[in-house]
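Colleague: Found this in TrEMBL, in case it helps:
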| type | residues | note |
| --- | --- | --- |
| ACT_SITE | A:201 | active site, nucleophile |
| BINDING | A:164, A:190, A:201, A:288, A:411, A:416 | substrate binding site |
């Protein structure tokens, strides 16, 4: 958060920032509300036309932030008219004052947008345990509402406004057709960035001009999350504020589709899933201290769920992640991570690859294994680890980054 | 393993090494077998008199090492006559050649000790995935058997012989009485030490002259493990080779006790539990890169098992561990770790202490919280974190260490 400490841009950042087209029915403004620091943009206000439908998935933490509680309740009523995101203060672990703060934010937002408070969605990121002074939104949100914009610069500003310790903005776009009508999907995300005493917060917001009811949006978003954000990990530490929301304004005017399984949605579903994966990968590529982007593939497990747990055990293992940071094809640590996952595994059937170099098979070192070939794989900035358990058809794929001294520096520095 | 890289002794090492008394019926020898490197002690041979009973607990990894498989099978038959521990090679993930290697080691050991192969217990620590050449034990074990010793120097040499990247030897002793007879318990351990491409291996061996049957030993050891080694974590990565064994020679000649619940065992049980806790804490104090010893207390959980899972979630959280390394009383990260544990928790009832300084209560920052007092706690080399969930009577206590750049250095260096 502090401007005094600039972290260098991740070496895994994309070489260019995509230009996002307008989404019919969406207007964007950013502002400086002085939530924690003065002189920096800390508010995103995003207005949506009447009739906009919303869906969301949230942290599974038993200690969620006040905005997460608010969004869950607001989703129970239909309709969304504005999204308000602030940085500087996560409004988490703030007790009844936190609940009062989101209620006041929604009231101020509703007056600005001309809607009911429960049509306002709120996300906060920043320090936790500090009361959020929501009176700072007074005047600011009404001003935002009066000057919303729709072009690529507005989307870039939106992605920038929600950054905390992210080293690059995360945004992407896709198009698809629904029953012959072209629709657009834009998404922005912020990554797992922490600096003492701030809190990791993964936020992502996706917007489309498609006309789709809430039940369809929620079904597609929940399913898409399983293969995107739920497959990414930086350090295994789950935020109190994780929020992923999908808003559909309906401006594209496509034919109504009410069944999430309708075949006319196949193109939209594929485009949404693809965008969610892109955004999730960008989060891993901006993991604290990351120097390598890591894909973990597991196959041959007894089920997909079992494969996923084994893949996460590998992706969260500090020994595997430090080995990758050291460019060491240390498959012994992969064996260890498979073994500790608690899932069915047969040591003597395991095969392991780094990239396309098989280093182990049938529970022992591959006799044809070339240390030089494996080392070449490990020197790349994108490294894949593949495990075949040889037991069944279960597969999974997850993404992470390596564990470097940069992570310790960012998270272990003295607070004062 | 490499003598080229000396890691400095942990700042948490005990200031003096305890002198261990002889255990009747136990003789010790160490040797250089050249398992991986020449010119260094890499074998511990520990002979036990006929009638010695054994118990063991082992890694829950689904990919255990060949010696772990061997010990599990050998325990099914009664009687133990020798323990053979080698460093330099873990004989893990070595397929059928690993099984052949332990069988040959047991055969050579049985000839040296004059017993059946299934009375030989074996543990190996070191590189994984490399076949172990057990023929190197030929001659070496018979020579060891001819020159065993019993004094404090022999016990110190035993603790030294099983070290790999440990920075100090780990040993302890206790006495107790069983029905009026004084018995002695000695224990040695090695910690979670890794150096690429070697594997973490926690080994601990405890010996007593008490006369106790296997069923009593196994019951006491399994129970004692729950409050000692199962409560210690360095990085959450579970070894393929974790082994804890308890051997009882019977030389003390105490009255027979066959029921693990017999009240005459209360002193022995307390002494054993206490020794296991001391050895487990020594492992955490020699965690890679450790600069602080951390005790995590959880109370008010819905059950002891729930409290344990929450305590482990805190103790394994890289964000909590880096905050402690940075001497930052970052209770927000403790909230995060409680929330992600998946156990019952009510944000608005949580209270959190660092040392005896309460930093949060009723789900928000403690209004009386003194940053200066909390900072003073964090500067100590022993730091405790206490969480009261306010839900029930479940409690747990676990030990860990902080996460520093030293961990990354040790585990992330290039292998070559």
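Sequential numbering from 1, following the chain as shown.
Each residue, glycine too, has its Cβ placed from N, Cα and C.
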Colleague: Across all the protein chains here, work out how many other Cβ atoms are within 10 Å of the Cβ of residue A:288 (substrate binding site).
Modeller: 29
Colleague: In which DSSP state, out of helix, strand and coil, do we find residue A:288 (substrate binding site)?
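Modeller: Looking at the DSSP assignment, residue A:288 (substrate binding site) belongs to neither helix nor strand, so coil.
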Colleague: Going through the binding-site residues A:164, A:190, A:411 in order, which have a C-beta under 8 angstroms from some C-beta of chain B?
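Modeller: Answer, by Cβ distance to chain B: A:411.
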Colleague: Is residue A:411 (substrate binding site) helix, strand or coil when read with DSSP?
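Modeller: The three-state answer is helix.
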Colleague: Does DSSP give residue A:164 (substrate binding site) helix, strand or coil?
Modeller: coil
Colleague: Please work out the number of neighbouring Cβ atoms within 10 Å of the Cβ of residue A:411 (substrate binding site), leaving out its own Cβ.
Modeller: 29
Colleague: Around the Cβ of residue A:190 (substrate binding site), how many other Cβ atoms lie within 10 Å? Please give the count over every shown protein chain.
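Modeller: Residue A:190 (substrate binding site): 28 neighbouring Cβ atoms within 10 Å.
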Colleague: Report, as a single number, how many Cβ atoms besides its own are within 10 Å of the Cβ of residue A:164 (substrate binding site).
Modeller: 23
Colleague: Where does residue A:190 (substrate binding site) sit in DSSP terms: helix, strand, or coil?
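Modeller: It is in a strand.
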